[in-house]
Amino acid sequence: MPRSYEEDEARRPILDAAESDSEAPGSVIAPARERILHRSDDDELSQPTGCGASACCNPSSALHRFMALIFMCLVGFGSYFCYDNPGALQDKFKSDLDLSTTQFVWLYSIYSWPNVILCFIGGFLIDRVFGIRLGTIIYMFILLIGQLIFATGALINAFWLMILGRFLFGIGAESLAVAQNNYAVLWFKGKELNMVFGLQLSFARVGSTVNFLVMVPVYNYVRDLGYTGHQCTGVVLLLATLTCVMSMLCALILGWMDKRAARILRRNDNPPNGEVAKLSDIGTFKISFWMVTVICVAYYVAIFPFIALGKVFFMRKFGFTPEDANTVNSIVYIVAGVASPLFGLIVDRTGRNVLWVFVSITVTIFAHGLLAFTFYNPYVAMITMGMAYSMLASSLWPLVALIVPEYQLGTAYGICQSVQNLGLAVISMFSGLIVDKGGYFMLEIFFIGWLVVSLLATIVIWLYDANNNGALNMSPKEREIAASKLLVEAANRYDENVAPVPSDGSVNEDGVATQGGAAPPVESIRNRYLNRVLDSPNQSDSEPLIE
């Protein structure tokens, strides 16, 4: 959560009228410089009293932030739980609803394809129209309605209605993931952000795992109550909808907590200098951001499609039984559920996100190499892959918040989600064709090739960052030092560019001398600086600090 100083300061001119009247003509510039460099007593916020002053109720406390984090994770729980409802009941769906394999696959593809575009639009709407609180509630509501329609379609055995429900569910779920990322950045930017992204990944895996564990017992329970066929499947899906209702309640509570925090901390949620997200902003994104989107596709297509096809691979190559093949195939998610927050905490302490991304991709290539070229125990390769997957998720996604200005984050995360959906949809189809034509060995070579692409994209980020401010691969201490240097440099450059005060001491409404040369607007300089440095020690890519 942004510091109170930044938020209160962002609303005030550097030079108040009272200051200009009381200071001698020759000292007009000094208060401006002091206001940039030092925190005055007037900027201190009054602390909450009573229960509001306790750690659990004070928005500035770590305990309160982690209470909000719990709700952030639970907001997405219903989405991940219900997404894999068809997978957990695949045989029941096909028998009770008389679905072919092609029809069953449609329940997943109709989820992914629309989000190639709609996910980006959803992120843009968060930035420009809805805002994060209203956007989260709207997307959660769309998701809930989609799941209800999906369950109703199963209840009355109307496949077209089920498709419509999954379509709406996908629109809400993927845009909700963008909103979750924005919430994480808003509350934890410059603090425990890497760990938070890791923990959100863990909850995603928990939601999917709980779904696979409980849906079959729930189906058997409903069947024992006397429901049969499509009605039994429909009732089970309606019960699963309760997890979405729970997530909707968490979205409402989280929205209330965020609104309260913004009021108490006097947080200025408006972008600095009146900046708003525009579609044309996409052209201003740095090369490093586009390389992150390449990694999002090239890395994840070597994980998710592999797991989707992994069961038969382990049965054929290693002679596992179906049960043992399922066990080893699920290890990546199990390891990720435990390791992701731990790796996030490590990255928070050490920084150097690009280095961690590079290491994780290299380790994943090694794991796929073990599976492709050896008959070594596959548990070793899958545990290694799970660790690397956790490491990448905890270090890659926070990079977006370090590269892109905060008012464009919804758009940026929407682009990442959209490109990832496109890549997964296309590569999944190609993976099936490769298995049919060339077998699983060629599939492993295919995945290793994509991992090499992601490794090259990481190297491009590393080189680009090294030739610029280098903040993406700094330690937290180095980022803090760089931010301090930029602060002093900005103030000094401001002093050098401001015109001398005329003999009559006249200044304009911003407290800048009206004679002798053009100086950059004080408020504009200060707002740009606060946006890119104090809240995060990384420079915005939207415009220079001082023209």
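From the backbone N, Cα and C atoms, a Cβ is placed for every residue, glycine too.
Look at TrEMBL and you will find 68-469 tagged as domain 'Major facilitator superfamily (MFS) profile'. Here the domain 'Major facilitator superfamily (MFS) profile' (68-469) has a mean pLDDT of 82 out of 100.
Per TrEMBL, region 'Disordered' is recorded for 1-25 (among others).
As annotated by TrEMBL, region 'Disordered' applies to 499-520 (among others).
Within the same chain, residues 56, 111, 136, 140, 143-144, 147, 169, 172-173, 176-177, 180, 183-184, 187-188, 196, 199-200, 203-208, 210-211, 240-241, 243-248, 250-251, 253-254, 257-258, 261 sit at least 6 positions outside the transmembrane segment (66-83) and bring their C-beta atoms closer than 8 Å to a C-beta of that stretch. Under the heading transmembrane segment, TrEMBL lists 66-83 (among others).
Under the heading transmembrane segment, TrEMBL lists 103-126 (among others).
For 138-161 (among others), the entry in TrEMBL reads transmembrane segment.
Annotation source TrEMBL lists transmembrane segment at 195-215 (among others).
If you look up TrEMBL, you'll see 235-257 (among others) marked as transmembrane segment.
TrEMBL lists 287-310 (among others) with the feature transmembrane segment.
What TrEMBL lists as transmembrane segment is 330-347 (among others). Taking Cβ pairs closer than 8 Å, the transmembrane segment (330-347) reaches residues 192, 194-199, 201-202, 205-206, 208-209, 303, 307, 353, 356, 379, 382-383, 385-387, 389-391, 393-395, 398 in its own chain, all 6 or more past its ends.
TrEMBL lists 354-373 (among others) with the feature transmembrane segment.
Long-range contacts of the transmembrane segment (379-404) within the same chain: residues 181, 185, 189, 193-195, 197-198, 201, 285-286, 288-289, 292, 295-296, 299, 303, 328-329, 331-336, 339-344, 346-347, 353-354, 356-357, 359-361, 363-364, 366-368, 370-371, 412-413, 416, 461, 471-472, 536, 538, 541, each at least 6 residues beyond the stretch ends and with a Cβ under 8 Å from a Cβ of the stretch. What TrEMBL lists as transmembrane segment is 379-404 (among others).
Annotated transmembrane segment per TrEMBL: 411-434 (among others), in sequence order.
Feature annotation from TrEMBL assigns transmembrane segment to 440-464 (among others). Residues 286-288, 291-292, 294-295, 298-299, 301-302, 305-306, 309, 312-313, 316-317, 354, 357-358, 361-362, 364-365, 368-369, 371-372, 399, 427, 430-431, 434, 472-473 of the same chain lie 6+ residues outside the transmembrane segment (440-464) yet bring a C-beta within less than 8 angstroms of a C-beta in it.
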